[in-house]
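See below for the structure under consideration.
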Amino acid sequence: MWRLRRAAVACEVCQSLVKHSSGIKGSLPLQKLHLVSRSIYHSHHPTLKLQRPQLRTSFQQFSSLTNLPLRKLKFSPIKYGYQPRRNFWPARLATRLLKLRYLILGSAVGGGYTAKKTFDQWKDMIPDLSEYKWIVPDIVWEIDEYIDFEKIRKALPSSEDLVKLAPDFDKIVESLSLLKDFFTSGSPEETAFRATDRGSESDKHFRKVSDKEKIDQLQEELLHTQLKYQRILERLEKENKELRKLVLQKDDKGIHHRKLKKSLIDMYSEVLDVLSDYDASYNTQDHLPRVVVVGDQSAGKTSVLEMIAQARIFPRGSGEMMTRSPVKVTLSEGPHHVALFKDSSREFDLTKEEDLAALRHEIELRMRKNVKEGCTVSPETISLNVKGPGLQRMVLVDLPGVINTVTSGMAPDTKETIFSISKAYMQNPNAIILCIQDGSVDAERSIVTDLVSQMDPHGRRTIFVLTKVDLAEKNVASPSRIQQIIEGKLFPMKALGYFAVVTGKGNSSESIEAIREYEEEFFQNSKLLKTSMLKAHQVTTRNLSLAVSDCFWKMVRESVEQQADSFKATRFNLETEWKNNYPRLRELDRNELFEKAKNEILDEVISLSQVTPKHWEEILQQSLWERVSTHVIENIYLPAAQTMNSGTFNTTVDIKLKQWTDKQLPNKAVEVAWETLQEEFSRFMTEPKGKEHDDIFDKLKEAVKEESIKRHKWNDFAEDSLRVIQHNALEDRSISDKQQWDAAIYFMEEALQARLKDTENAIENMVGPDWKKRWLYWKNRTQEQCVHNETKNELEKMLKCNEEHPAYLASDEITTVRKNLESRGVEVDPSLIKDTWHQVYRRHFLKTALNHCNLCRRGFYYYQRHFVDSELECNDVVLFWRIQRMLAITANTLRQQLTNTEVRRLEKNVKEVLEDFAEDGEKKIKLLTGKRVQLAEDLKKVREIQEKLDAFIEALHQEK
């Protein structure tokens, strides 16, 4: 039935559409036109004219996916105008788009539902963590109550402030463009840019002036840093030298090391180095020849020496003092032009400007290092070897320039120090004095000539050198004045020879070759030579070098054997003195004695590890109890014992033990352990070893012990671990057997007996001697002691009446005692009564506690069975057992820390201290003293000098 009805309704709809619609004749398919907007073509229409039917329809839209409704449709009369077939494509496109939005909407709704369902499934899979909410601290949930986030937000800079702090990129781009224009040739902005730059030149000038001080300060700091690392480098080089010596001395089987043959001048230089150390140590002066270069400041001493060495090796400055300590330069012939220091293996290639600059810088650093705080110059010598082709073999010493006035920045004694250094070198009767005089200044301003004439009045070992002759020829009006100087007629001094040299034009960057060429050219064209005022052999540094070398070797051959004989006699005297004073001892110098002492000290430190654990624990436990016994008795036991019942006693004890463990006990235990380690270490270090003990090491051992103890620090985590262990030990109240019970009673009796003895002594000092001592030793009581005695007797009567009297006197009791004493004619102060009562009651309490302790000997059975007996409560025994057990456990823990960690750390500190002392020569001289040490040092030095002199003399004879 319903199908018939549906068909009837469909027919009615069709008939209505046919009746009221007019279509377009053609082949347009009806299913592609919209229900409302399309015109329907009908084959039975009488005309082909388009009409606008009055069609009524509902607002419901239908698509191809929906069925037509079964109810009757009501069409509204809509009139359609004529539209061509080609203009219907927008309607078709709109229809399709309207269909598409339903697809998208449906997909979105379905996808959202699916996503929500998936999210719910995942949420169900996550476990419920609400029951673990207690793990998070409450402060996290209440953080907004403690922290004002709004206040923090206001304190932070705003976005506008941050924008202000950002760089101005427009200015940066503008600056870069200006810079680009500056480097671009021919740019129109170049002129303007440079004009702006000229305008800022004045500001830059002031900035440079202000920055100059900073640069000087930075250079000074850099110099100090270089000196610091120079010391480290010297120490490493010294260690390397010693190791190399050990390797060379090692005699492997079947291996023969080749012995290098040294040159004659090198052997002589080594002799002078050893003699220099010997002279500085014993304040003496050897008589071996050397060329001493002296002169006024800025007279050209260093330049002459550089011309002889054929290299600019010294630091120089315009008018300021640069030579601050003597520099010994050993010149020898070799294939390569190199320089090296005595205590360093680095070679400086003098043909390279980089190495020359490094050498000058190194010499300046060594000079500054030699100069002590508050001084300007130093007498310590810097030893430098220079080798090269064509160099004359000799040894020269460049001394600081002689000055007439001490300027600001110099030490007050600078002038006297320079004179003393110069005299010390020139007073050697075999020293060749190379006197340098500036020819460009007036002869009357010379200082050094007077000094030289004093040291060598006959001129038998002086060579006079006139520098800057080119300037003198230009400035001096009378050339004959130069002739008078060279002939020795102007200065009040005599010399072996007179020379005139030119050492440059005053430019420090000139090379040696350029200076030599200039010197030769000058003398070839000089009027002084042309007019025979100067002789040819008296000019140029080449002739000077040859003359000085010949004179030097002549003096060496004449004096070296005499010096060797004198050192042989000195050696014989020292050896005889040693045999007479120390016949059974080896000749050990200071370094060898230090090595011997070092081995002994390390052996004694190792002995600490051989101490038995039992000994460690005994001394630790005893020392710890001595440290804490007063606190245990006075602050824990006595206050708790004043309580009326055992519950209050235990509560008081637990509280006080907890406070003590948390604050004081671990620190006290570590202090005791550290002091015990020091005592044992000192005992091993100072314990005499019998007849083999050498007291010469006592000062060194004491210094090593003190320094090692000062450097040693206990492990920082020891207190934390001890606190836990001690707290657990004091918490244990269970005594397991009768032996522990008896040990606790014995420990308690010892502690109380010691306190009782101290109390008896205090009362005796308070009341004076008793009748026995008064009769036997003729001692009497003072008036104050008599008052204390009467007060004590009165208080003892009160205690006998009430043996369970509390620890403190009431005010009425004090009044009663005072009135009783006044009735007997004794005036007493209430404070005196309280002081006397404290000692009397303390003695009474300790005696009562000892009696109670004796009763508790048989109380272990009651304690073990937990019997409640008010007459026999032994809580104080349990307290002392807890203290005793804590002491034993603490001693065991500290012993483990000592043997496992601290002893090894102390041994490491001792090794470090010994290494530091080994590098400090002054420390060894201070700690290893005595006639025996000094005699061995002298003997070693003299033997070394004599052996080197003999080797040099032998080589000198072979060369002849």
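Cβ atoms are placed via backbone N, Cα and C, with glycine included.
Swiss-Prot lists 1-87 with the feature transit peptide, giving similarity to another entry as the kind of evidence.
Annotation comment: Swiss-Prot describes Lys228 as N6-acetyllysine. Within the same chain, no residue at least 6 positions away from Lys228 (N6-acetyllysine) has a Cβ under 8 Å from its Cβ.
The domain 'Dynamin-type G' feature in Swiss-Prot is assigned to 285-561.
Annotation comment: Swiss-Prot describes 295-302 as region 'G1 motif', evidence class sequence analysis. Residue counts of the region 'G1 motif' (295-302) by helix, strand and coil are 2 helix, 2 strand, 4 coil (DSSP-based).
Per Swiss-Prot, the feature region 'G2 motif' maps to 321-324.
Mean predicted confidence for the region 'G3 motif' (398-401): the pLDDT average there is 89. Swiss-Prot lists 398-401 with the feature region 'G3 motif'.
Taken from Swiss-Prot, the feature region 'G4 motif' applies to 467-470. Nonlocal intrachain contacts for the region 'G4 motif' (467-470), taken as residues 6+ away from its ends with a CB within less than 8 angstroms of a stretch CB, comprise 299-300, 303-304, 436-440, 482, 500-503, 505, 522, 526, 528, 539.
Residues annotated as region 'G5 motif' in Swiss-Prot, with sequence analysis given as evidence: 501-504.
If you look up Swiss-Prot, you'll see 589-836 (among others) marked as region 'Stalk region', on the strength of a curator's inference.
As annotated by Swiss-Prot, region 'Paddle region' applies to 736-856, with the evidence given as a curator's inference.
Annotation comment: Swiss-Prot describes 874-928 (among others) as region 'Stalk region', evidence class a curator's inference.
Within the same chain, residues 292-299, 301-302, 305, 314, 321, 323-327, 329, 377, 418, 421-422, 425 sit at least 6 positions outside the region 'G3 motif' (398-401) and bring their C-beta atoms closer than 8 Å to a C-beta of that stretch. Residue counts for the region 'G4 motif' (467-470) under DSSP, split into helix (H, G, I), strand (E, B) and coil, are 2 helix, 1 strand, 1 coil.
Under DSSP, Lys228 (N6-acetyllysine) is assigned to a helix (H, G or I) in the three-state scheme.
Residue counts of the region 'Stalk region' (874-928) by helix, strand and coil are 52 helix, 0 strand, 3 coil (DSSP-based).
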